Amino acid sequence: MTAPLDVPGSAIDAGPETVLEGADSSVIRGRSLGQIAWMRLKRDRVAMVGGIVIIVLILVAVFAPLLVSWFGHPPAEWHREKIDPAIQAPLGTFGGISKDFLFGVEPTTGRDLFSRILYGARVSLLIAFFATLLCVVLGAVFGMIAGFFGGWVDTVISRLMDIFLAFPLLVFALALGGVIPDKAFGMSGDTLRISLLVFIIGFFNWPYIGRIIRGQTLSLREREFVDASRSLGARNHVILFKEILPNLLAPILVYSTLLIPSNILFEAALSFLGVGVRPPTPTWGGMLAEAVHNYDVAPNFMLFPGLAIFVTVLAFNLLGDGLRDAFDPKAR
Amino acid sequence: GGGGGSTKKNGGDTAEAPASQYNAGVTQVVNPSTKTGGTLHMGMPGDFDSVDPGDQYYGYAWNFSRLYTRALTMFKPVPGEEGLQLVGDLAEDLGKPSDGGKTWTYKLRAGIKFEDGTPVTSKDVKYAVARSLDKEILPSGPTYFNDWLDNGDYTGPYKMKDKLDSWKGVETPDDQTVVFHLKKAYGGFDYFAMLPSTAPVPAAKDTGTKYKEHPVATGPYMFKAHELGKRIELVKNPNWDAATDPNRKQLNDSVEVLLGQNEDDLDQRLLSGKIDVKINSTGVGANARKTLLTDPKVKQYADSAPLDRTWFTNLNADVPPLDNIHCRKAVMYAADRSAIQGAYGGPDAGGEIALSLMPSKMTGYEKNDLYGVEANPGGDVNKAKEELKACNQPNGFSTTISFRVERAAEKQTAEALQQSLGRVGIKLEVKGYPQGDYFKLYAGKPDFAKKNGLGLMVYGWGADYPEGFGFFQQIVDSRVIRAAGNTNLGVKDPEIDKLIDQAAAEQDATKRNAIWASVDKKVSDDAFILPYVWAHGLFYRPPTLKNAFVSQNFGMYEFLTLSTQ
Amino acid sequence: MTTTNEPLLSVQDLEKHFPVTKGLFKRQVGAVKAVDGVSFDVFKGETLGLVGESGCGKSTTGRLVTRLLEPTGGKIVFEGRDITHMGQGKLRPLRRDMQMIFQDPFSSLNPRHTVGTIVGAPFRIQSVQTENGIKKAVQDILELVGLNPEHYNRYPHEFSGGQRQRIGIARTLALKPKLIIADEPVSALDVSIQAQVVNLLEDLQNELDLTYVVIAHDLSVVRHISDRVAVMYLGKIVEIADRKSLYSVPMHPYTNALLSAVPIPDPKARAKSERIRLSGDVPSPLNPPPACRFHTRCWKAQDICKTVEPPLEQLASGHHVACHFPENAPEPATKTAAATP
Amino acid sequence: MSESAFLDVKDLKIHFSTDDGVVKSVDGLSFSLERGKTLGIVGESGSGKSVTSLGILGLHRGKNANVSGEIWLDGEDLVTASQEHVRRLRGRKMAMIFQDPLSSMHPFYTVGDQIIEAYRIHHKVSKSVARKHAIDMLGRVGIPEPKRRVDSYPHEFSGGMRQRAMIAMALSCDPELLIADEPTTALDVTVQAQILDLMRDLQREFNSALIIITHDLGVVAELSNDILVMYAGKCIEYGSADDIFYRPEHPYTWGLLGSMPRLDREPTERLLPVKGTPPSLINVPSGCAFHPRCPYSDQTDGQSKAEVPALAPADPGHLVRCHLSRTQRRTLWENEVKPVLETQ
Amino acid sequence: MATYIIRRLIAAVMLLFVVSIATFAIFFLVPRLAGMSADDLASRYVGKAANDQMIHEAAVRLGFNDPLVVQYGRFVKGIFLGVDRNYGPGVEHCPAPCFGYSYVTQNPVLPDLLDRLPITLSLALGAAVVWVVFGVSTGVLSALRRGSFFDRLSMGVALAGVSLPIFFTGIVSLAIFRDQLGLVGDVADWVPFTEDPLTWANNLILPWVTLAFLYAAGYARLTRAGMLETMSEDYIRTARAKGLPERMVVVKHGLRATLTPVMTMFGLDLGLLLGGAVLTESTFSLPGIGKYAVDAINNNDLPQVMGVTLTAAAFIIVANLIVDLLYAVVDPRVRLT
Ligand SMILES: Nc1ncnc2c1ncn2[C@@H]1O[C@H](COP(=O)(O)OP(=O)(O)OP(=O)(O)O)[C@@H](O)[C@H]1O
Ligand SMILES: Nc1ncnc2c1ncn2[C@@H]1O[C@H](COP(=O)(O)OP(=O)(O)OP(=O)(O)O)[C@@H](O)[C@H]1O
Ligand SMILES: [Mg+2]
Ligand SMILES: [Mg+2]
């Protein structure tokens, strides 16, 4: 079969590389937009620092027991000998920082702050991750359905989102956290509290991402490739998941990274108001909430959890911002 | 009172604050002064349960309400032991018992008027007591009058509008005489007469639940403003007459209370002198504690005051193996009381290590150190192990410990017990419950405690008044145990109940006290309660605060005398 | 050019009204009459051009025919089957025979899919078995439209506009359709690229025996590729004829105006040309003028044009016009006679 | 290009530094224009037409743009002039009409306000005077009921009216140089015809110099005296309209002419497009930028790849940038290209 | 327009209904599902020394034994018709709209809320002014000097703002600015604006700044992104081509368009804040609605919680509505239907 072209074979001489100006043709061959975003991200040093910090944090959380066994003491172990019995403040400089106790100790109990911060990372990150996951899943599914089908489906889901947005979230979280009994849904203790927090945060936050996804879907729906797919006879779910969803991955990723920090802070706020995970399980928010009453007694007790939250939130924000720039062609 | 003039200028002459001494306020009046004028600034982390004298139960509320109301009797507003003495207030003198202690008669002082100038009569006292019976409208106050007065089926003037006269619990033979009729004899009735619910309330001005917006004053001050939950302002009561009131003065022009303050922030303002008194029962928080105890310049203005309060943990005999006394004793021996002392803030802010349940400062206290705590504040592991053997649990056992989740000290106590009992193999699972529901739904509900295996329940109790009955009855009398909302978390010993009855009826104070000491001992023997701290409060009195001392009774500064000039 | 008498696609009185709602209860207060009674036939192997100004309903017609929109009225018959209200499920197998090329080469290709996925999608969606696997089939098609088969794994953004349009065309060709509706296939492209694509479309038609409906607003492009041309104005076809007679003897005043408005790339032409200049813009399809919709801008309009809607009549062989006062009409007498009541 | 020309652009270079490298959007462009004359600039998308026009108005300064060369407007060099000075000239001495009139007008202000604003920057007059002027201008560009329409927002106008309003705005201060960047691309043919008529009339009336930028050769043919063909940031052919349409010398110009289906000639079977795609402006092909797409590059003895051809006169006033010799071009045009084009 | 507002208001009422039902369910349905009896619930609202009889009576009085629908119906009735309440010596009528009486303090809820509103209002509005002024101006400057040191620094500071929990920044700022430096007044010495505006502002400045620190970041970033986008719009080019001075181009043309999304966010944030800046009020001892909410929840005081929730939700809804209306005012392209 001969290609029915006026100048056979030559119409494609000028390579497609021309579109991506300046890039070496061999370098960009077969790169997806995701890969290009990754290339841009790699150049964004600030975002990369954020990313690296996050990876380190995750590793720290995962290997907390190991790290603690090397550099610290079990998180629940009391060290009264490190405490001035008169004022219950840690002995030694700045909360008793030493090579034995890298971040010093907690007032009163003398527990190793280093290991508590490390263990705290587990819960705080766990909650933030799963809550974000829940938000994203709910938000993406509902947002996509609302935006794609429109009509009454959209009306119902949009109103539902309005309702959730109209709930004073913190008030509700507090209320719900307060009335949940000790045992429920076949769970108890920390598992229940953590699941509950994940549920509260995720369940009440999804409309934010839902709205964004809905908006994006609305505009994606009008893109001609959707019509193209439909005119080929594709069914709705195929269009939704094969055509539209891949285009939503970028905003989902970006908003996830921006949601995680706000969820970390949310957990902290709930802990501060007393509906967080129950002691003695350490969480950053919980520690900070306690430390607020002890900032003079043990400044380290306030500083380190505060710093941990700050660094984590900052890292996620930086990465999120970087991702946004990387995915947004206009941001160049 | 006189005073007047420009009160704005603050002291002026002395740039340096007057020197003082740590704990001076515990035994003596600091900065005595009779100058008048100025505003006394008080600050409070939360709110009063109520400022309605018929509807309050907290020590600081009782302390505070005496600024504007007068009950039949009162504790003498002086420092030291003497402060535990009751004297007549509205009444000329203490009550006259008759009928073997079943009838108590009080004579009112002449010339006492309400803030609007109406004279106070015995009817107003009767009405006040009557309304306090209605726990639906006024739920917060103590139930002594409900429990002890010969009420028949009378439930108060709200539900039974016209039955007040036919109610025989309190009688008013004349305008100056109040007679109380009890169901059974009670020797310490003068303590009941001290309760703010005996402060007169004019029936015509009673607005039920809204009375707290403006309780009608008989004391030296009266309400000018009450922004619920936010602020209270008291001003001089023009119809208060010093001649009728030997115990009070009217030094301040006004008293202002800021409610709902952030505690740490309040401490800061107290230390900087912007606030004169902090209203709470345990004194300053951790941050201020450090400043107070480490900075000598500040420490001189601090008082570590002993309270009628013991911090303890109930050992629940409903939960095996704690039904076995040896297992309970193992816990008693193994507990590290000094760690717990730390949790409560150390010796000055938290309190002394308790040897037994009864606080040592209470009248009639007798030393009783059954478990050798004095020698081994960190616990006696060997003895504990022996007891475990005797209990057939040589390797220890597992149970649950509950605590009020909002209370950091109790949380740490639970953790400290988890640590120290762990030494002998007793494993504790730590569970926190919201303090609002702690007694109604969790630890104070025997069914729940049993079903959830709450073997240990962190707790603490302060006396309603510094007398054995006011301390013990609510926490060790098995007959007060109900389906829920208990204050006795499971001390069940018929012998103790018997001793309590004896003591209650006993008219002679010394004998009475001896019986209470034996109750204390019996409680130790039974090992139902693990006491660890006799509470102290660490209080701060700014150098500018005048006439400050710790009331032995309330375990905080006596509010009545405080002034700023 | 009409090879058989049986039309491949037949559209009769096709209508699409988009409702306009208002008020508390979303009452329908009107309708955008985007397509309002359009009829035409397309015969096998021919190319029908559809021209008109922006907003006159060309795309809507295209989307109705491919059943991306549900018609409000009228009838669409494809290969003898009435598909006007056929359900999407039943329609699915038919879609193999009828494909669409889209205007915007940027938005018509999913940026997250590789060329292979995009061009292979028809096979997957229609579960078509290919002899040597989908990849081989896709590569063959890529070659057919003048793309390098090695581009299989690349993403659309790596291609220029013309190349993307080729990818889009390749996708429509995958299932060897009988009819292709091309909605402004070249209007987003540069002149030189536009010519490449136009040539490609023509070559493919010869090679694969395709039938086209080409929608465009560029009259010269339409003339270049169409066998017959339909001119639309405000949701209606005002003139339809074979290319030659439409461009040489346009009968409807609007067609005349359109043709004379096209700038001629010949500096000498500007001096001698006498232009028909239409005043104003196309009226809104929400409130189209009554009767003859063109009367508001027509220099020949008379009272009758405001009251009586002219039917689409055949005035010469294969030349249909909807006008009371057509130009270049072969038998003006009959026409005027018919017009006078 | 005489020294006294009203607008004289000499060796204009506008380069942008981007992450990917330097974009040579305009690379050594020279032309001149007299008052009352019209210059048409044609070229493919991305060839640097818009950048040139914005460059003349001095809208590239700061940022990542690097402008060099000379732009003499009425005896002043705009490249070296102060930014503030150029700003004062903008709108008053030189004005611009943009392609998409909807996005080029501020959606939040009424059409009238936007014209008033333009007028009042350069004239110290009261609002009401400026408003009268605005109404007057709207009337002159053929907007019906200008008194009423002056208070309309851009989105309330149809495409054609918007473009008229844009023109009114541009002309409100009597500019001596008017640049129209694809003024009709977004419009329908019938409306395009109206606008082109309007522009021609107005130019006559105002006697301004007009640069019209487009890729539609038909539009250029209608309006222009001179035509400049741009390719990859460079002028590859410059001449009178007749030169370009009847005696084009550059293979790219041939390609452009061959790509266009024309209504004025009999249709042929095939169009004759330029093969390939436009080049990158970062990695401009070596030598003649057009050589990868040029069907005759093999007739230049390899020069086309090696050397950038100079813009050399073919006839007086007709400049071509091509390695092919004059005779080669003539022969090719006469023998190969023209016959094919003519048959169309 | 009018029908639009009516429609929105109807929707708002529906929304409030759903919110109230959900609140109600959380308070009564969840505990029920978790196995709490009516008496268990009631036991929270009787005095320390209540006996079983009293608890039971309380359950009856509070109507906890009734089916949930009846209980909810009572609440709704209270809102529309008011409630009669026995306050002891007599019965009083709490006129509609009555949110009922606190289970704990027995105060009527609505006056309490209204009483606290000025404080929350002062806090929220003051903070809003601070963050809008700082956030927006920082955003604009950053956008104009994109990539500069100032841009990086201000965005860094802004990020630090969102990354720190307010109870942390609150305490630290109190310690530094009030206790160490003595620069600002005491938040707790709340004075109404009408009494002494200067003291009012001086006392509130710290919470304003702290709260604003948290929000300014979002605004700075939003404004920056918006400005970057707007400044590349075609109409900005037109404005420059007209010869407008750069300052006018930025402010009149650029900022004006950018402010629309900023306004949306502002409306939502303000609406949320008016429902109670919970953490800020707790940290700074401000007896506003947020503090009230926390106390209400800690006390399981349903009528109070209901009141707060509905107030907060109403604020959010109204803020939303106002934003949408303003949108139409600011952007002539928007048509409300
Ligand atoms: N989904 C829709 N809802 C409401 N109106 C619509 C819809 N789609 C199209 N229209 C309207 O129908 C009319 C015809 O639109 P259509 O897209 O068919 O025009 P067109 O001829 O293709 O124009 P263009 O050349 O601009 O593509 C227009 O007025 C348009 O606004
Ligand atoms: N600010 C800028 N920064 C970097 N590159 C730019 C900038 N402005 C324009 N360019 C590049 O300069 C080149 C020329 O653009 P220009 O807008 O002049 O093209 P054009 O000829 O007007 O095309 P069109 O016909 O599409 O309008 C393009 O490749 C464009 O990407
Ligand atoms: Mg269209
Ligand atoms: Mg351009």
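Keep in mind that glycine also has a Cβ here, set from the backbone N, Cα and C atoms.
Automatic prediction, not curation, is the source of TrEMBL annotations.
The domain 'ABC transmembrane type-1' feature in TrEMBL is assigned to E:117-327.
According to TrEMBL, the transmembrane segment annotation covers E:9-30 (among others). Distant neighbours of the transmembrane segment (E:9-30): 41, 64, 68, 71-72, 75-76, 300, 302, 305-306, 309-310, 313-314, 317-318, 321; these residues of the same chain sit at least 6 beyond its ends, with a Cβ under 8 Å from one of its Cβ atoms.
Panel annotation: around the transmembrane segment (E:119-144), residues 150-151, 154-155, 158, 190, 193, 200-201, 204-205, 207-209, 211-213, 215-228, 231, 250, 254-255, 258-259, 262, 266, 269-270, 273-274, 276-277, 280-281, 286-290 of the same chain, lying at least six beyond its termini, place a Cβ under 8 Å from a Cβ of the stretch. Under the heading transmembrane segment, TrEMBL lists E:119-144 (among others).
Positions annotated as transmembrane segment by TrEMBL: E:156-177 (among others). Long-range Cβ contacts of the transmembrane segment (E:156-177) within its own chain (Cβ-Cβ under 8 Å, at least 6 residues beyond either end) map to 135, 138, 183-184, 187, 206-207, 209-211, 213-218, 220-221, 279-280, 282-284.
Residues or ranges marked as transmembrane segment in TrEMBL: E:197-217 (among others). Using a Cβ-Cβ cut-off under 8 Å and counting only residues 6 or more beyond its ends in the same chain, the transmembrane segment (E:197-217) has close neighbours at 122-123, 126-131, 134-135, 138, 158-162, 164, 166, 169-170, 173-174, 177-178, 184-187, 189-191, 269, 273, 277, 280, 283-284, 286.
Same-chain residues lying 6+ beyond the ends of the transmembrane segment (E:257-279) with a Cβ under 8 Å from its Cβ atoms: 120-121, 123-125, 127-128, 132, 136, 140, 165-167, 170, 211, 215, 218-219, 222-223, 226-227, 229-230, 233, 288-294, 308, 311-313, 315-320, 322-323, 326-327, 330-331. The transmembrane segment annotation in TrEMBL covers E:257-279 (among others).
Under the heading transmembrane segment, TrEMBL lists E:308-330 (among others).
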When you scan the chain for residues with a C-beta under 8 Å from the transmembrane segment (E:308-330), skipping those not six or more beyond its ends, what do you find?
1, 5, 8-9, 12, 15-16, 19-20, 23, 99, 113, 259-260, 263-264, 266-268, 270-272, 274-276, 289, 292-293, 296, 336
